[in-house]
């Protein structure tokens, strides 16, 4: 088993919203690693981060990500999951979609949220810009496809991703067919 697509991006990029719609469109399950981690440890991500600190949180998160990547469906990773090298390595064989939002749009979408532990600071815009600078290269490294989400309706983002998934499926079929052709001697 392997997920049809893995969604990555900063907090507020739409991983959960788009993930639910994409899973519904494909008649698949959404596997959200933040929710898996919360269920496993019996606490919110905010509580886990506060109690364990970020390094220990990331270790626990990497374990959950490895489990999620063994499922069928659509997988939504926590925004910081890609900072862990082992997670990036695991993503190498998967269809990974980077949901890209600008700093301004990300701040707008996450403002007032109590569920985003790294953004509960005095200067959320500055912190968001810092996360963008730290993580953007990782998102680009692991992704096969990037969707710019600023100003796009969720249905349009889902349509873009569905088109990409279909392209990947057709490429794999073509490669498989080519490898099974009888070659003249």
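Cβ from N, Cα, C; glycine included.
Here is what Swiss-Prot says about this protein:
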BINDING   12, 13, 14, 15, 16, 17, 116  ATP binding site
BINDING   16  Mg(2+) binding site
BINDING   34, 58, 79, 135  substrate binding site
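Feature map: annotations from Swiss-Prot on the structure.
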| residue | record | Cβ contacts under 8 Å, 6 or more apart |
| --- | --- | --- |
| 13 | ATP binding site | 79, 99, 100, 101, 106, 109, 149 |
| 14 | ATP binding site | 99, 101, 109, 149, 154, 157 |
| 15 | ATP binding site | 7, 8, 9, 32, 76, 77, 79, 99 |
| 16 | ATP binding site | 30, 32, 76 |
| 17 | ATP binding site | 154 |
| 34 | substrate binding site | 45, 76, 78 |
| 58 | substrate binding site | 80, 81, 83, 84 |
| 135 | substrate binding site | 10, 79, 80, 82, 83 |
Secondary structure at residue 14 (ATP binding site) (DSSP, helix/strand/coil)?
coil
Measure from the Cβ of residue 79 (substrate binding site) and count the other Cβ atoms within 10 Å, all protein chains considered.
24
